Structures are given as structure tokens and as C-alpha cells.
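Chemist: Pasting a structure here, questions to come.
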Amino acid sequence: MADASSFYITTPIFYVNDVPHIGHAYTEVAADVLARWHRQAGDDTWMLTGTDEHGQKILRTATANGVTPKEWADKLVAEAWQPLLATIDVRNDDFIRTTDERHERNVQKFLQKLYDDGHIYTGEYEGYYCVGCEEYKQQSELVEGTGEYEGQLVCAVHSKPVELLHEKNYFFRMSAFADRLLALYEERPDFVQPESARNEVLSFVRSGLADLSISRSTFDWGVEVPWDESHVVYVWFDALLNYITAVGYGQDEAEFARRWPAQHLVGKDILRFHAVIWPAMLMAAGLEVPRGVFGHGWLLVGGEKMSKSKLTGIAPEQITETFGSDAFRYYFLSAIHFGQDGSFSWEDLAARYQAELANGFGNLASRVVAMIIRYCDGFVPSAAERSAADHEIAAVERRATDASWSAIGRLAIHEAISSTWELVDALNGYLTVEEPWTLAKDPHQRARLETVLATAYHGLGTLAVLLSPVLPQATAKLWTALGASGAVHEQRIDRAHEWSVGERVTPLEALFPRVEVSA
RNA sequence: GGGGCGGUAGCUCAGCCGGUCAGAGCAGUGGACUCAUAAUCCAUCGGUCGCCAGUUCAAGUCUGGUCCGCCCCA
């Protein structure tokens, strides 16, 4: 049992054959922001991501490219997936690959335990198999082929012929866990979030669970079934286990106890694997079920879902090259209600970058720092007598701190950001009303000028702390300019308004320079 | 065929248990100001809340039906 301050968050592991697009990056960034936020609140935080490297599809691609599947995976991990994390500034604590020895060995250990405990039996399976989908298809999921596949049954997703396979399989008695799963959803209404995702899972399980075929014998790129080397473990069964093998399951019980259970973040397309199959597997093994499964929405581009199989994907670098990783992170997490589908467009991205990051936060930072340099020679002023307006700013700082932390607890990232943004708006408004540039012209108003600037300075520092999970780079620059000690990402975010002020500010370059509008 | 979600100002979206709920941000328009990244602040234009019927003293807000989009299951 993990103690209350342990926070372990996971993303789905990337299927190495995919090409990274903003959908992958979105999940990563969301998990990263939650992880950074918890770290900054002092929680014992662990963020895991990684790659899924087994399965027939990868074997075939590798073979077609004349290399072994492992070589193929190595190449993609090094050239595509690790770089993606750097592109969007994700600070994961671990990166697991399903070809890691720590994973494969303990997948076998897990499987053997289920086998020994009677949760697995031998059966026979016959069905139409789509290599593209990596799964068997029901009759209803097949359509008549056209063109070169005329007269054949093809997969509705890939439009490629399916194969009629007949194999001896090992089955997991998942059906035995239907009642316990329903009880779980009942007892912990937030186990599957958001509500819409929970509804789908509920109705799926209520309609009855079938046992799950968990092995394949038609190819050998996978984890060997320990008691039958002619079979490899079904890729999904294998992949899900990464969440526990990465934190010591089977080999480091102390670490496992410290981390598990995890909060899973997944796209809603793979919700069922995480909210039904995975908990059932854990129950069978006598382990705790996850802390929660959150299914976020799709990114819609031009009203259509971004697809892995189709080519509507946008590479994250296309965005970060122009706007930077901070803007990427901010845009997707603030503009989209976390959990719902969200529309992406270049126009919207550019508009929000300009209005919110450049004109809102960036410019606020510029004007405050510039005035302290100009009117106080860079020495951080201190407040004398405080007016109602000054107290109000302090109150907004507290509210933003409390509200955002509470929102993070509900996984409402967009809400955490908008709560914080109230401070941005309050400070810009405060400066307009107090007019420090006017006060500066009258020597008798010196005390008031310093109080106003001290108040604005303090609010800006609070913003830096609160925004550092989302905007790690910009806030680090701001923190330095504010002359505050330590690193901004080490400041307690749940008490952001209590940060310790510095002594001297230094010039600040534009945090979010204006971007030339391009086509 | 069964089920879920969404259809609210030009754009993106809030609106919980029905009664200032017709809102926010952006865009547009007018004004103020100049510390700042031609930034900021104030004001303002703008919608028969997909459509039809019903329940109710009162319905984006509940019921039934219907159209459109997406998704899950069979």
C-alpha cells in the first residue's frame, strides 16, 4: 500500500511502429504537468512512459526492412520516441520498453502465477485476424473488399484482407471478474474518469464479459509463455503489465509497494483495456487495482479525429519549432477541457499564443521587471502601508494557489490553468489602476510606488511558481530575472503565494516573443 | 439494433439538482493610458440556446420524438 503522498502516473506506452503526432504528445504533456505539479507539492512522484515493442505488426515491418524486430525497435525508440519527449520538455522519471529484461521476466512471473492459480486455461480459437489491428475481428467488423481485394473480406479499419486463423490459445478467465469489476466501479465512482468514459465501461461490462485469449503461436516476437514456449503472450496483455514491471513487480517489492497503485492516463480509444482487462488481471494476481483510469478525448483537426492509421497526424515539432515547447504545453492543456475532445487549429494556437502568453503573461512579466529596474534601479522594493487593492492582489494569489491545486487533484488541468490566469488578469488590471509610472513622477509618492511594485513583483513570483509545471522554460527565466533563490521548480506549488522574494531583478527578455503569422 | 457524448454569440466553449441562465475568452467596434512584447485597462456590438411537441406558474436546464456529428457495444 502506497502512502498518501505517493503519486505514480503513467501514460500509455508508445507502439513503436507509430509515427509521433500531437495526440501522443498531448497525453505525455498532460501526464508531465500532473507529475510536475505533484512533485512541486512535495509528493513522492513518479512518472512512467515507454514503448510497446512486441507483436506481429512490428515483426513484419522489421522483416520488410531487413532487420531484426529488436533492431527496428531500437532505431525507432532512439530516433522517434525519446526525441519526442525532449521536444515537448517532458521530465519522466522512467522509460520502460517491453523488450527490457526487467519487463519480460516479470511478465512471465505474473503469467505463471495466474496459471498456477487457475485463472488460465487452454482453449481453441478460430477467427478472422487483422494484422493491422493486431486483433481478431468479429464478422460485423468486416466488409467486402473492393479493387484488388474484390471478393474477399477485409478489415473495416484497414481495408486489407483478414486472415482466418485457427489456433490453440491460452485464455484468461476474465469473465469471472465481471461482478468484482462492477462492484469496483460502484464503490469508486471516480475509478474511471471522466463520467462519459465511466458510462461506456459500465455498459460494456454489464453486457457481459468473455474470456480473453492471451497467447499467440503463429509468430514468435513476444514474451514466451513460461510453460509453453511455442506461444508468446498477446501483445496487449504484455503491454499492460509495464505499469507494474517498471516499478519493481516481481523483483523489488519495496519499490513496488512505494509506487503502486498508479493513476493511468489514456486516450479513450484504449479505455477498455485499462478499465476492464487490466483491473481484472490485477485482481486475478491478487494485486491492488489502479488508483484511477482517466480517458482523455481526441484532438480534432478540421473536425476530424487525428488518426494513427490515417495521415492526419501533425508532428509536434511543427508546433514547437515556431512557438516553443512551453506554448505547446500551454495550448493543449488550457484550450481543451481535459477529458473532452478538443479542436486544434493553427489559427487558434496562434491567437492564444499572442493573446494569452505574449500579451497576457509575457508582457506582464516584462512591464513589472522593467519598472523595477527603471524606478528602483533593480532593487526589489518592499511594501509599506497596504491599500485594499494590494490586499486584494494577495487574496487572488492565495485563491489561485488553492484553486489550482484543488483542480489538479481532480485532474482538471484546464481549470488549474484558468484559476492561475485570474492572477495574470488581476495584476494587469492592478497596474492600470495604480499607475506606478505616474507615481514615479512624484517624489512624495515614493512609498506608494514601491508598495505597488512590491505587490506586483510578489504576484509575478507566485505566477512563476504556479505556472512552472506548464511553462517550465519561461518560468525558469522569469525566476532568474526576479532574483529569487533556488530553482522555480523546487518551490512548493501548494503554497505558491508564500515564496521568498529576492533582492535584485535583472533584465528579462521577452518570454513569448511575437510570432510572425505564417501560412 | 442497443447505448454514450455533443449540437448555446463570427470562433472555441461555461451553464450542477428547472425560476437575473442567456454567459466567458478570443475576434470586431468605441474610448482611456503609456511602465511594457503596437502591449494594458474600460465600455460595447453580437445568440429565437439544432428542430417539433409535451410536463410546469416557469425549460438551453425535465419528458417524448426528430435531424446532424462523433464514439462504444452487438
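Just so it is clear, glycine is given a Cβ too, placed from its N, Cα and C backbone atoms.
According to TrEMBL, the record shows the following:
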type	residues	note
DOMAIN	A:8-368	domain 'Methionyl/Leucyl tRNA synthetase'
MOTIF	A:14-24	motif ''HIGH' region'
BINDING	A:CYS130, A:CYS133, A:CYS155, A:HIS158	Zn(2+) binding site
MOTIF	A:305-309	motif ''KMSKS' region'
DOMAIN	A:408-494	domain 'Methionyl/Valyl/Leucyl/Isoleucyl-tRNA synthetase anticodon-binding'
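Have a look at these and tell me how they're positioned relative to everything else.
Modeler: Broken down by DSSP into helix, strand and coil, the motif ''HIGH' region' (A:14-24) contains 3 helix, 2 strand, 6 coil.
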Chemist: For the motif ''HIGH' region' (A:14-24), could you work out the same-chain residues 6 or more beyond its ends whose Cβ comes under 8 Å from its Cβ atoms?
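Modeler: The answer is 49-53, 55, 57-58, 61, 72-73, 76-77, 80-81, 84, 267, 298-299, 306, 308, 313-316, 319, 332, 344.
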Chemist: Could you count the residues of the domain 'Methionyl/Valyl/Leucyl/Isoleucyl-tRNA synthetase anticodon-binding' (A:408-494) that DSSP puts in helix, in strand and in coil?
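Modeler: Summed by class, the stretch gives 69 helix, 0 strand, 18 coil.
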